[in-house]
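Feature annotations, courtesy of Swiss-Prot:
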type: BINDING; residues: LYS22, ASN23; note: phosphoenolpyruvate binding site
type: BINDING; residues: ARG92, ARG121, PRO122, ILE123, ASP124, GLN125, ASP305, ILE327; note: UDP-N-acetyl-alpha-D-glucosamine binding site
type: ACT_SITE; residues: CYS116; note: active site, proton donor
type: MOD_RES; residues: CYS116; note: 2-(S-cysteinyl)pyruvic acid O-phosphothioketal
Amino acid sequence: MDKLIINGGRKLKGEVTVSGSKNASLPICIAAVLAPGASTITNVPRLRDITTTAKLLESLGATIERHENTMRIDAGTINTVEATYDLVKTMRASVLVLGPLLARFGRSRVSLPGGCAIGARPIDQHLKGLKALGAEIRLEHGYVEAIAKKGLKGARINFDVSTVGGTEHLMMAAAIAKGESILENAAREPEIADLADYLNRMGAKVEGAGTDTIRIQGVSELTPAAYEVMPDRIEAGTFMCAAAITGGDIKINGMKLEHLDALTFKLMDAGVEITNRNGVVRVKGPKRPQAVNIKTRPYPGFATDMQAQFMALMCVAEGASVISENIFENRFMHVSELLRFGADITVEGNSATVKGVKKLSGAPVMATDLRASACLVLAGLAAEGTTEIQRIYHLDRGYEQIETKLAGLGADIQRVSEP
């Protein structure tokens, strides 16, 4: 099992390029199921979750070809509508194949999902929406079986809560349903707009993605299309925090700063200098950041996927900050590991109070989930001494060669394989 060893205390300097978005790539690759024939998706990051998605699609009979950051998906060879537990258990997004298979073939059977162990994350909104589109849903023996003998029919669906996966799922299913579907209280994340752009490239009629009301005029069929995935805003935000926590000065290529307004404003409040010239974002960290409070919210609010990284920054800030997590329960699992660095953090309910310390000290720590692992990397970069991070397979689920990119910015970081 691999681990990371970091000798901290180095200011990051130089340029780095952001990879394609994991959270956009997953639903886009799954949406290829809707169109018989071969779609070519580019700017796909080389990550464990992407490999899992490719295996999932292959298990359905699709033909997959991968070369570096390009994936060719031929969904014309799909020969089964069942996604089994052994693949679905490792990644929550796998459940998104339920709707596209149902819409195209009239039936699907998918195991209940796994993935990061963050709170309940139920799929009730997904199933409620599919029922509204005319599906019969049965839950038995850990599987969801959906049947629509006469095909799906457009419907008005109002989500009880903002759900990114639910919005993506029903947008895909409604794309080839009969008639118009309206999704109300839809999630507004940029990845949803990216998926809609891909669906429209295939011939779908989706309007309003990126707002809280999405209209989908169903079409009889979709055709395969070529598409380039958007850049990963969470990776970009992680590099912004890395520059800030090390007092570094870096340039980030390939990111869209407008996708990170909430983070950008909070970083600037903390004393970080951020400029955007010709699509290149320069981030210059202060000698010591100022304490800033944050509350995670659905997009365009502060992203829950950036909460852990921002907490790492606040560990070395001047003053005390309060970090409130309003999206997922159990998303403070990184706190106990940050304490090993010498951080001063107390948790009460969904809020953590972070009293900044002048210096963190390197420590042996263990990653608990994807974004928590990134937070530990940031703490290790800022800490004096050596940090050893175990269980970095979590990190590999969402960051493409992050240690190589950080080393390119001057970090003393290496991956070590253990027997």
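Glycine too: its Cβ is placed from the backbone N, Cα and C atoms.
Mapped onto this structure are the features recorded in Swiss-Prot.
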residue: LYS22; record: phosphoenolpyruvate binding site; Cβ neighbours (10 Å): 25
residue: ASN23; record: phosphoenolpyruvate binding site; Cβ neighbours (10 Å): 25
residue: ARG92; record: UDP-N-acetyl-alpha-D-glucosamine binding site; Cβ neighbours (10 Å): 19
residue: PRO122; record: UDP-N-acetyl-alpha-D-glucosamine binding site; Cβ neighbours (10 Å): 12
residue: ILE123; record: UDP-N-acetyl-alpha-D-glucosamine binding site; Cβ neighbours (10 Å): 20
residue: ASP124; record: UDP-N-acetyl-alpha-D-glucosamine binding site; Cβ neighbours (10 Å): 12
residue: GLN125; record: UDP-N-acetyl-alpha-D-glucosamine binding site; Cβ neighbours (10 Å): 20
residue: ASP305; record: UDP-N-acetyl-alpha-D-glucosamine binding site; Cβ neighbours (10 Å): 20
residue: ILE327; record: UDP-N-acetyl-alpha-D-glucosamine binding site; Cβ neighbours (10 Å): 20
Margin query: Please report the distance from the Cα of ILE123 (UDP-N-acetyl-alpha-D-glucosamine binding site) to the Cα of LYS22 (phosphoenolpyruvate binding site), rounded to the nearest angstrom.
Written below: 20
Next item on the list: Give me the Cα-Cα distance between ASP124 (UDP-N-acetyl-alpha-D-glucosamine binding site) and ASN23 (phosphoenolpyruvate binding site), rounded to a whole Å.
Entry: 20
Checklist line | Distance from LYS22 (phosphoenolpyruvate binding site) back to PRO122 (UDP-N-acetyl-alpha-D-glucosamine binding site), taken between C-alpha atoms, in Å | finding: 21
Next item on the list: Compute the C-alpha separation of ARG92 (UDP-N-acetyl-alpha-D-glucosamine binding site) from LYS22 (phosphoenolpyruvate binding site), stating it in Å without decimals.
Entry: 13
